[in-house]
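K.L.:
Okay, so TrEMBL annotates it like this:
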DOMAIN    A:21-206  domain 'Succinylglutamate desuccinylase/Aspartoacylase catalytic'
BINDING   A:29, A:32, A:123  Zn(2+) binding site
ACT_SITE  A:184  active site, proton donor/acceptor
DOMAIN    A:225-306  domain 'AstE/AspA barrel-sandwich hybrid'
């Protein structure tokens, strides 16, 4: 059950049940290669149990991985809403909807007591986002993991991004776990495997397992504050009104500047004919700037608000 | 001092084509050509017919490199003469169609110049690709472009290797010119990459206009990087990659790679070193499309080519 983080007041230490099973997913998008190769290595070394934590490795979308494509029929990482998970399967059901239900049976069922304690899904983005830990609700466990990774990883910035949807509407594979989050690392082109990105993802996964072991063995993790970015609105590319074709590119001053505050008047698009379009409205933080997969929906980037969340100390509940 | 008697004479370059979308997910060329098909004023020059053309429309529509087979390897004599029409792979049909419109390859009717626009995930900057060290027209054009964009740089890759050379869509023309700009992920349009390609084409067309007006271009030297060999990823017995491009080599296109320098990094952290006998200049480092072509990077050596003076016949 999620524990909502609150502002301001000093909180008492919270005790939570141990986390004994951890599922790591990769290849949810078949051309996001880091997760695919991390899984391959874990499976090669038969990583099944580390101390008190049993580990399940899952290649989410094997068909898409084989074809080195994001998906075959539809995006697997949008198939985990309650509605889609309970929709009847027929012969004409798209591959990814079937696969989502298989994964729900294996790692869930979503929202139930049988679901895996913690699920981590590995992704890449073409955007310059460094390491982003993406989760649905501000659950203290996940926020503590964020805090831990932020304190240990120095190879690139580590940030927390919150989606904040009701559980029934949560659509990504990590919503199957009792606690779930994704690691999103960029920039990396789809279909490319960069060593620096691989090494950071490996470090993040190893640190998560290390945290789980320490948590299970009774360590108290001190409370504190974590900055998180919460999705606020989506910005689409300017388009031709008749053909719906995109008519501008992300402006060079916005390109690669994910998480840099965008103020009213700052350039956001440069049209193909050379005109600059400027940001209007509130000052917000852009993320997923120029992500390849979002062209399909003509999405240029998302805007987020930054807030500081206060965490209580946590430790494992002793019997 | 003029040198009329020693200028190589070339026919006027009247018919010029600009190809985009030879790989449907390389967005600069797709975007530029679509723009110019709608409004071609930017690419018009006196006495030149410039035709912008999307070579692989189905791949562009699906935003994928190719549908059946790589169009940029499809212009072999076998493919161009193959029978079977609708039964042939889509790109072979396209190659035959392109050869009809812009060729026939090797004949006097072929287009004078074709620019083929590409992007790469490799950190190659702006690269011009040359298919013959004896094409003085192209060498002079490339020299002109390099000087025009200075201090920005544009390097020349020469692929004349008998085994590694391939039958490109631009090879239909008398003077084929490849433009490769990176790094850009497939399926993504970066503004700076798009503008860089646009500027190079502007200078290329200016050169053609000047040439057609009768300007003599004196003899010049052009530094090129000549393709030597293709280096694949280390693989296991099942063909799976067992190491990644080393962080020291990643993004190091055109920087010298010396014997003993780190080249690959295995998944458990071991460094594999370059074992060649001398320094080479690597390029196409970690290009997404080349994983299936068994290529982690290509090695090149630096050479200086001499182009004779040229003028219009």
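Here the Cβ of each residue, glycine as well, is placed from N, Cα and C on the backbone.
Nobody curates TrEMBL annotations by hand; they come from automatic prediction.
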K.L.:
Whole-number answer please: how many Å between the C-alpha atoms of residue A:29 (Zn(2+) binding site) and the residue listed as 'active site, proton donor/acceptor'?
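P.N.:
About 12 Å separates the two Cα atoms.
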K.L.:
Is residue A:123 (Zn(2+) binding site) helix, strand or coil when read with DSSP?
P.N.:
strand
K.L.:
Can you tell me the three-state DSSP label for residue A:184 (active site, proton donor/acceptor)?
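P.N.:
For residue A:184 (active site, proton donor/acceptor) - judged by DSSP and reduced to three states - the answer is strand.
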K.L.:
Could you tell me the C-alpha distance between residue A:32 (Zn(2+) binding site) and the residue listed as 'active site, proton donor/acceptor' in angstrom, no decimals?
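P.N.:
Just about 10 Å between their Cα atoms.
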K.L.:
Around residue A:123 (Zn(2+) binding site), how many other CB atoms lie within 10 A of its CB?
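P.N.:
I get 25 for this one.
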K.L.:
Which residues, sitting 6 or more apart from residue A:184 (active site, proton donor/acceptor) on the same chain, put a CB under 8 Å from its CB?
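P.N.:
The list for residue A:184 (active site, proton donor/acceptor) reads A:123, A:124, A:125, A:129, A:131, A:132, A:133, A:134, A:161, given in order along the sequence.
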K.L.:
What is the pLDDT of the domain 'AstE/AspA barrel-sandwich hybrid' (A:225-306) when averaged and given as a whole number?
P.N.:
96
K.L.:
For residue A:32 (Zn(2+) binding site), which of the three DSSP-derived states applies: helix, strand, or coil?
P.N.:
coil
K.L.:
What is the Cβ neighbour count of residue A:29 (Zn(2+) binding site) at a 10 Å cut-off, with all protein chains included?
P.N.:
26
K.L.:
Ten-angstrom check, please: count other Cβ atoms within 10 Å of the Cβ of residue A:32 (Zn(2+) binding site), all chains counted.
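P.N.:
Other Cβ atoms found within 10 Å: 30.
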